[in-house]
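This report refers to the structure that appears directly beneath it.
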Amino acid sequence: MKFSSIILLTLLICSMSKFGNCQVETNVKCQGGSCASVCRKAIGVAAGKCINGRCVCYP
């Protein structure tokens, strides 16, 4: 039981470090849905949204 909890904790820590930074902030000003082309150029995926006047992209 102790060994399995150590393994579970290790997997949790590793997954947090790998997937913890799941958004890419840009310094490009935006309005509404104008972030698709910015995100496509920045990370290759058109998934993003305008937050506080700046584009935030999600890989």
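Glycine is no exception: its Cβ is also placed from the backbone N, Cα and C atoms.
Here the candidates are C22, C57, and Swiss-Prot names C57 as the disulfide partner of C39.
Residue-level annotations in Swiss-Prot identify, among Q23, Q31, Q23 as pyrrolidone carboxylic acid. Between C35 and the candidates C14, C55, Swiss-Prot records the disulphide pairing with C55.
Record source Swiss-Prot places C50 in a disulfide bond whose other cysteine, from C22, C30, is C30.
Cα to Cα, C30 (disulfide bond) and C55 (disulfide bond) are separated by 6 Å.
Distances between the Cα of Q23 (pyrrolidone carboxylic acid) and those of the recorded positions C39, C50, C55, Y58 are shortest for Y58. Take the CB of Y58 (site 'Aromatic residue of the functional dyad') and look out to 10 A: across all protein chains shown you find 12 other CB atoms. Calculated from their C-alpha atoms, the gap between C39 (disulfide bond) and Y58 (site 'Aromatic residue of the functional dyad') amounts to 8 Å.
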